Amino acid sequence: MKVVTAEKMQEIDKGAIQKYGIPEVILMENAGIEVTNVAKTILTSLEGKKVCIFAGKGNNGGDGFVVARQMFYQGAKVKVFILGGLESIQHSAKVNLNILQNMNIDIVPIKSERDWDKVKVTLAFSDCVIDALLGTGFRAPLQESMKNLIETINFSGKPIIAIDIPSGVDASTGQIDTIAICATATVTFGLLKIGLIFYPGADYTGEVFIKNIGFPYSLLQDECIKQTIITNSIVRSQLPERNGDVHKGLCGRVLVIAGSKGMTGAAALASLACLRAGAGLVTLAVSESVHDILSSKLTEVIIKTLPEENEELIYEESLKTLMDLANKNDVVVIGPGLGRNPSTVQIIQKFIEQTDKQLVIDADALYALSKNTNVLEEKSRMPILTPHLGEMARLINKSTDEIKNNLISIARETAELFQSIIVLKNSRTVVAYPDGNVYINTRGNAGMATAGSGDVLAGIIGALAAQHNNSNFDSAVCGVYLHSMAGDIAASAGMIGLIASDIVQAIPSARYGIQE
Ligand SMILES: NC(=O)C1=CN([C@@H]2O[C@H](COP(=O)(O)OP(=O)(O)OC[C@H]3O[C@@H](n4cnc5c(N)ncnc54)[C@H](O)[C@@H]3O)[C@@H](O)[C@H]2O)[C@@H](O)CC1
Ligand SMILES: [K+]
């Protein structure tokens, strides 16, 4: 399912009108009808229902005028409020406003104090509110009077149906300027907008209905729309199958380089997640000093040690051990809990530079990598990097705020710059490829914001890359989705208090559920 910015949706609107000759009033009519249908489902019937419609001065307001007329036809008692005068309403919105005026439908421009009182009284007695104030044309900051109106509407506690996007949510980013309509349902047109799926916007939408209001299919499926939501069907078709006639050596061999004193859990979680995600053989390389701890934690993982002196890995010997181990495996997951000891950092840097194996680079290996990212573009197998916002900030020398506000574009640019797959972890994780394609995950839950969750993800991606026989393209997208589905299963016992091991345990049933 593709997802667009406000600008791209406006291009699609324009394309439908100019390239295909579909008149704007027809699109607007269809939009109004679709919203009316959803309202009818929510309210069971429109007959006798009191509906309060708040319309802005652009085409979002125009959609609201059509809803007023369509609901009136179906027996609803409608009242339309418009903030300020009616003079600046133009084009198709004006056409529909004229029809309402000709039908003597109650239209109230909100200008005086008395009008604000009317708004409050009408809201108090209404069954439903239609939010047609601002759509894809909204640009922050919100005008003061608009803020007050949104606050008044939210305060009413009535069911609110937002047209296209809740007013006040930036359709391109999901950002909110202090306040936005808190909708019960949102009826959006053509395609999902980024603002409907990214937080905080996603918290304001209620149930989202996507309706095609007459856009030609070719416009909605345009190749240049490079954002896609990860769905079950995408993942199901890409998850590696397992034949009956196999042995463990054919199911993917993964080397996990992880763990250090005080951070053995990260190594355990990453390597167990790897096995739970279906890898046939998992070898964990750890420093001598934590070998015994991990041996007692892990039964099914092969554990190899890296020589140490004075609590530091010995450079030459450790590097050689790692290179030998890597050669016996299909994929290497490097980073969880490795620590930032100078000798460790040096070894990681050299290892990443020298190995020709498929790499999944996470956590402390990203720290080591941030000193020299040039090695990435030279790798024969495209590396997969799994940074959270802080790690990404260090890698590309930008603030976490800047990254958070531009997740998609920054992930995309970095993937191109590093010629790597970037799995940028966040409440909506995005997976960006150097060709500009970005996949967005909308599954998972806030309970997954817990220590070790990222280690589990790195392990899952490593396992899938090994099973994909090094077709790393699918393993990042599938891994992110499988991780979130496992998180959702784990959260069924309670979201708060979920721990990373719960996610590990749920991986096989999540995978079974996806492939069913
Ligand atoms: N263009 C088209 O072909 C179609 C557009 N449609 C609807 O039209 C919407 C887009 O219409 P527009 O491009 O006219 O834009 P909008 O109607 O979303 O917003 C434009 C209006 O909002 C005001 N505004 C913008 N930022 C503001 C702020 N910060 N504070 C207060 N007021 C602000 C502008 O002054 C203008 O009056 C879509 O979301 C959709 O609902 C549909 O009717 C389908 C067809
Ligand atoms: K709206």
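Including glycine, each Cβ sits where the backbone N, Cα and C put it.
According to TrEMBL, the domain 'YjeF N-terminal' annotation covers 9-221.
Per TrEMBL, (6S)-NADPHX binding site is recorded for 59-63, 135-141, ASP164, ALA266, GLY337, HIS388, ASP455. Taken residue by residue with DSSP, THR136 ((6S)-NADPHX binding site) is part of neither helix nor strand, so it is coil.
Feature annotation from TrEMBL assigns K(+) binding site to ASN60, ASP131, SER167. Close to SER167 (K(+) binding site) in the fold, though at least 6 residues off in sequence, lie GLY56, ASN60, ASP131, LEU133, LEU134, GLY135, PHE138, MET146, ILE150, ALA180, ILE181, each with a CB less than 8 Å from its CB.
According to TrEMBL, the domain 'YjeF C-terminal' annotation covers 231-514.
Around LYS425 (AMP binding site), a 10 Å sphere centred on its CB holds 23 further CB atoms from the protein chains shown. Per TrEMBL, AMP binding site is recorded for LYS425, ASN426, SER427, ARG428, THR429, GLY454.
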Statement: Cβ density check for SER427 (AMP binding site), other Cβ within 10 Å (all protein chains) comes to 17
- prompt: Could you tell me the C-alpha distance between ASN59 ((6S)-NADPHX binding site) and ASN426 (AMP binding site) in angstrom, no decimals?
  reply: 33
Task: Tell me which binding-site residues (ASN60, GLY62, ASP131, ARG139, SER167, ARG428) have a Cβ under 6 A from ligand 2; sequence order is fine.
output: ASN60, ASP131, SER167
- prompt: Going by C-alpha positions, which of the binding-site residues (LYS425, SER427, ARG428, THR429) is nearest HIS388 ((6S)-NADPHX binding site)?
  reply: LYS425
Field: Cβ contacts of GLY454 (AMP binding site) (under 8 Å, same chain, 6 or more positions away)
entry: PRO336, ASP362, ALA363, THR386, HIS388, LYS425
- prompt: Whose Cβ lies within 8 Å of the mean position of the Cβ atoms of ASN60, ASP131, SER167, the K(+) site, other than those residues?
  reply: PHE54, GLY56, GLY61, GLY64, ALA132, LEU133, LEU134, GLY135, ALA162, ILE163, ASP164, ILE165, PRO166, ILE181
Field: Listed binding-site residues adjacent to ligand 1, that is, members of ASN60, ASP164, LYS425, SER427 whose C-beta is under 6 A away
entry: ASN60, ASP164
